[in-house]
């Protein structure tokens, strides 16, 4: 990158590095992020933003208006941590047992705050800037909670953008891709109802356990035999449960299935096939089977015009070959996808680094956010705000 400096808009970069590390040391989980939210809100207020607290719980929105422009831009950062025990031994490791910023949300928050400071100092734009700080991304509930609390009605946005660090690719590299970018996530609960009995007399029972075993085998064929090679999906059975005693046939058996796809069409095809498998097993084994599907988040799909706008804006900040149009398919889920169902926009990635340390995967007890991204990320946001709101 050619625009890196050791200061962020006149404030020493170390200030924001320390802020990031303070957040890292004091992680908060899920929708309960009061300390992080208040830290964000107080900083924004001190820099002249109109601050709104308590959006969908502990969500914070900072608004800055300049000039008479009618364009409205939203930038979003997530704030929550994970219920994990950190294994790092550096000075800024988590101080709270069983909690850790293992996905870099501490860094995303610091990036947007650094950008907020710089933007407030220069005010070189014409329109409305909405900075959205969201809790509970990891639980996939924070974006929806803020939207249900009137996020886009109260703070209208013509477009919305977010970023995430990406371990395993070099610092100074970005991935900005059009279309499906992260997977949807749904949980399918399967309940098989048979008839219990004594293990010595299975002929008097309707045993749900062989049905469960047969369904597991059938479900494993859905991706390889029912989807085309260009239809991306992950189907994982994460929990099975049946019985409590070795010599009693249970009344029921159940399992939980994780289904991830990158399009609603593929998701629908999988759900239809799961229903057909259940129906076939009802006929074959004489049981009743209930399917309960819960959508946790849709696929994250970047809109074409907003993605191209972001790419053109940020291109001068990156060296040739360091602004990538796509990366390996990521089948993890991001609840920013809910926001993109209402407002067009783009979600992009910044390389967190390679090697054993900064290349360590997210959701790993040895992960740490690369502080160099605070200046890289804030450079990106500052330039894009100036380009978009003009």
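Here, residue 1 is simply the first one shown, and the rest follow in order.
Using N, Cα and C of the backbone, Cβ positions are placed for all residues, glycine too.
According to TrEMBL, the protein carries these features:
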type    : residues                : note
BINDING : 103, 105, 138, 164, 363 : Mn(2+) binding site
DOMAIN  : 189-280                 : domain 'Peptidase M20 dimerisation'
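The most crowded of the binding-site residues listed here (105, 164, 363) is 105, judged by how many other CB atoms sit within 10 Å of its own CB. Excluding 103, 105, 138, 164, 363, which define the Mn(2+) site, the same chain contributes 78, 80, 82, 101, 102, 104, 137, 362 within 8 Å (Cβ to the Cβ centroid), listed in sequence order.
Sequence-distant neighbours of residue 103 (Mn(2+) binding site): residues of the same chain at least 6 apart with a C-beta under 8 Å from its C-beta are 81, 82, 138, 362, 363, 367. Confidence across the domain 'Peptidase M20 dimerisation' (189-280), taken as the mean pLDDT and rounded to a whole number, stands at 98. DSSP assigns residue 103 (Mn(2+) binding site) to coil, not to a helix or a strand.
Under the DSSP three-state reduction, residue 138 (Mn(2+) binding site) is assigned to coil, being neither helix nor strand. Helix, strand and coil counts from DSSP across the domain 'Peptidase M20 dimerisation' (189-280) read 37 helix, 31 strand, 24 coil. Secondary structure at residue 363 (Mn(2+) binding site), as computed by DSSP, is coil.
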